[in-house]
Structure formats: structure tokens, C-alpha cells
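A short write-up of the structure that comes next.
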Amino acid sequence: MAAPLVYVTGFVGTLLRVLLFATDFPAWIRSRRELVTPITSWDRVQEGIALQKQRISPYAGDLFHETPLLLRLVRSADCIPGGSMTLFVFVDIVAGIILYKITQEFTRYELQRQAKEMANYSPQSKELLHTRKTLSSISIAVTLIHFLGPYSLCACLAQTTTVFSNLAVLFCWLFTLQGNVELCCFALAVATYQSLYPVIFLVPIAMHFFQQIEPKSPHFVSKAAFRSYTRVLLVFTVWLASLLGASFVLEGSWEFLRATYGFVLTVPDLSPNVGIFWYFFTEMFEHFRTFFICVFQINVFIFAVPLAIKLQEHPLLQLYIIMFEVCIFKSYPSYADTALALILLPLWQHIFRYMRNTLVVSTLYVVVGILAPILWHLWIYAASANANFYFAITLVFCSAQVFLIADVLYAFLRYEFDLLHGTDHRLPSKEKTRVVLE
């Protein structure tokens with residue numbers, strides 16, 4: 001029953017994209033700061049293509065910040081009917097197919113993990129156990145959010161290049177679930193090559209592959225574990241070095257490193273976006289800038305350590321939370337980054353019953369979607385507001401994501417507790433009690 005609904009949703013979502021591309025809406029949305037950044041802007045990509053056609057290095061100035069391989073990929077879109085529109089719609093279709101495969105692999109993975117740990121579960125937790133029927137709705141929910149969700153739909157129409165790195169991350173998820181180390185590391189290398197921050201995904205992915213090697217009782221700091229981690233790291237490094245080497249051959253210099261990864265790390269362009277970097281560094285004294293750049297960038301990576309300790313037996317959830325955390329703390333975030341995290345949220349639909357802030361988070365997302373364009377207009381065009389107004393709404397957006405991540409983590413820990421101890425919590429005196437997570 002799920003497959004026909006998935007196909008219908010995919011067809012409707014694709015048709016909607018094609019119809020909207022025929023209107024003036026994409027031209028307007030390509031200027032929205034919530035969707036495009038100085039790195040992912042399609043207008044800047046077109047400028048890079050124009051410079052390359054004139055045999056001028058697109059990295060000579062401070063305009064183009066995408067990677068050399070992506071530049072050549074999107075340049076080839078001129079050779080296909082429909083041009084860039086066809087390319088972006090095709091990428092979304094491929095992403096939808098990969099998402100469907102991810103849900104199937106995730107269902108298999110969860111059922112196998114449950115069967116392995118069944119002996120540890122409480123007899124009172126039967127209502128919490130997975131069945132193929134209860135997990136079948138995941139594919140419908142994921143496909144629905146991808147094809148008809150406002151964030152992913154607008155990301156496609158805005159032609160933001162984030163969709164390419166998102167696609168690489170999805171391939172990484174698929175190959176991780178399939179247990180294919182080589183292809184997973186290749187997909188992760190492509191994602192890292194495109195946007196740098198996915199390099200942190202190496203931690204949960206390496207732990208996942210070791211868990212598959214030692215499924216009974218993996219010891220994550222043993223010699224066997226380090227051998228497994230080293231293998232994953234080496235394969236990833238080879239793929240990433242190959243991509244960088246190919247870029248060097250095409251460009252004839254390493255100048256693109258400064259314009260791409262240097263741009264991401266040093267944050268020289270303080271154009272407003274839905275992140276937190278731009279406002280703080282607008283107000284920052286110049287002699288403090290280097291210190292706080294390091295502090296802000298460390299924020300992206302430092303949470304991998306406590307998550308790896310707390311969720312060492314659940315590397316896929318660890319991967320998801322890190323992915324969501326990158327959406328908040330990366331230097332140039334957009335709705336397109338959040339779209340990917342929200343699309344994968346239904347994978348953990350079994351913990352939704354424990355989530356406490358669903359209404360608050362949903363309301364915040366709606367409020368941000370409505371007020372962000374309004375406050376931007378009041379600031380830039382009507383001159384009746386200032387940067388504080390727009391930053392306030394971006395702070396609300398970041399807060400919504402923090403609340404959602406915290407809620408997912410809390411709900412998962414409560415779910416695991418109830419699996420082990422049952423849902424009927426009582427004191428030794430048989431009096432009912434309430435579980436509080438500390």
C-alpha cells in the first residue's frame with residue numbers, strides 16, 4: 001500500500017515543481033536570504049560560468065565560492081532540454097528515490113536490531129516494539145515531506161546548490177545502512193568536498209561500521225575498533241584527495257581552496273542569513289574576530305564527542321543529531337539544510353509519543369516562515385526596522401532547531417528506558433510513579 005502512495009506523491013511533487021518553474025515565483029525566491037547564501041546562490045554560479053567561458057578564473061575575485069567539479073556539472077546543464085530547471089528537478093527526483101530506499105533499509109536495520117536485543121526488553125514493552133506494519137508509514141511520511149514540504153520545494157525552485165550536497169549526504173545514509181564502506185566514504189567525501197562540514201559525520205559512520213563487524217558486544221575503544229576506524233578514515237581520505245586532485249588538474253592551481261573552504265571557515269561575507277554568524281561578527285571588534293571565529297567553528301565539531309559517548313550504541317541517531325546540529329552552527333546555513341534534517345525526522349517516528357515540544361517547535365517554524373520575509377522587507381525596503389529585527393527572527397529559527405534536537409534526544413532516551421523497564425512505572429510499594437530524565 002505504501003509504494004503506490006509514494007509514487008503518487010513523487011509525481012505530484014515533480015509536477016508541482018515543473019509548473020512553478022513556469023511562473024515568476026522562482027525568480028523572486030532566488031533572492032530570499034533564507035534560501036540562498038553567498039556560497040549556494042544560483043546567480044553567483046551563473047557568474048562563475050560566465051567568467052569560465054571568458055577563460056577567466058572564477059576564483060580570481062570574491063564572487064564565486066562553489067567547487068570546480070560542481071561548476072562543470074551545472075555548466076553541462078545548458079546541453080539538456082530545459083537547462084537548469086531540468087537539472088534541479090532531476091536531482092529532487094533522484095533524492096526522492098534514494099529516500100525511499102533509505103526508509104526500506106532503515107526498516108530492515110531496526111527490525112534486525114530489535115530482534116538482537118529482544119532478550120533485554122521488558123515484557124511490559126510489547127506496545128513499543130517495531131513491526132513491519134508500524135514502520136511501513138515511514139516511507140510515505142519521508143516522501144511527502146521531501147516532495148511537498150515547503151523547505152525542500154523552495155530549495156529546488158531557488159536553485160540553491162545545497163541540493164547537490166544534500167543528495168551526497170542521502171547517498172551516504174543509504175550506503176551506511178547497506179554496509180558498503182567504499183561507496184559510503186565516497187558519498188561522504190563528495191559531501192565534504194561540497195560543503196566541508198560533513199567531515200564530522202565520519203565519527204558516527206565509523207562507529208556504525210564497527211558495530212556491524214562486532215554486533216554482539218562492540219567495545220568502541222579496542223584495537224579492533226581502531227583498525228575499523230582507520231580503514232574508514234583511509235578510504236574517505238583517498239576519495240577526498242582524489243576529488244581535490246581532480247579539481248587541481250581542472251583549475252591548474254589550488255586557488256579554489258581559499259575561495260571555497262577558506263571562505264567557509266573565515267566567514268568574510270556577512271550577508272544576512274538564517275544563521276547566527278553574520279550578526280555577531282557585524283557587531284564584533286576586529287581584534288576579537290579571529291578568536292570568536294575559532295569558537296564558533298569549534299561549536300560545529302565539539303558536540304560529536306559527548307554524542308559519541310552517550311549514543312555509542314546508536315550511531316545512526318548520533319549521525320542524525322550531528323547533521324541537525326551542523327544546520328544550526330555552520331557559517332552559511334539556509335532552509336535547504338534544515339529541509340534535509342526534517343525529511344529524515346520520520347525515521348524516528350516511534351519516539352514521537354515521548355516528544356514534549358512538538359507544538360512549540362511547529363509554531364516557531366510557522367512564525368519564522370511568515371515573519372522572516374516581512375521583517376526583511378521592513379528592514380531593507382521600508383526602512384522602518386533594522387538588523388535587530390531580522391536577527392531576532394533568525395534566532396527564533398535557530399531556537400526551534402535546538403528545541404527539536406533536544407526533544408528528539410530526550411524522546412529517544414525515554415523510549416529506550418521504557419523498552420528496558422516497561423511502561424508501567426511503579427515504586428517497590430507498587431505505587432505509580434513518573435520517570436524524570438536527569
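First residue shown is number 1, and so on along the chain.
Glycine residues also receive a Cβ, built from the backbone N, Cα and C atoms like all the rest.
Note that the coordinates shown come from a computational prediction; the quantities given were computed from them, not determined experimentally.
Range annotated as transmembrane segment by TrEMBL, chosen from 162-181, 262-281: 262-281.
For the transmembrane segment (321-347), the residues of the chain that approach it from at least six positions outside its boundaries are 34-40, 99, 102-103, 106, 137-138, 141-142, 145-146, 149, 151-152, 154-155, 158, 160, 162-163, 166, 169-170, 173, 195, 197-198, 200-201, 203-204, 264-265, 267, 269, 273-277, 296-297, 299-300, 303-304, 307, 311, 398, 401-402, 404-405, 408-409, judged by C-beta separation under 8 angstroms. Using a Cβ-Cβ cut-off under 8 Å and counting only residues 6 or more beyond its ends in the same chain, the transmembrane segment (79-100) has close neighbours at 6, 10, 13-14, 17-18, 21, 42, 139, 142-143, 146-147, 152, 156, 159, 163-164, 166-167, 170-171, 174, 343. Proximity of the transmembrane segment (262-281) to the transmembrane segment (232-250) is not established, fewer than 3 Cβ-Cβ distances being under 8 Å for residue pairs spaced 6 or more apart. Contact check: the transmembrane segment (195-211) against the transmembrane segment (389-413) gives fewer than three Cβ pairs closer than 8 Å, residues 6 or more apart, which falls short of the contact criterion.
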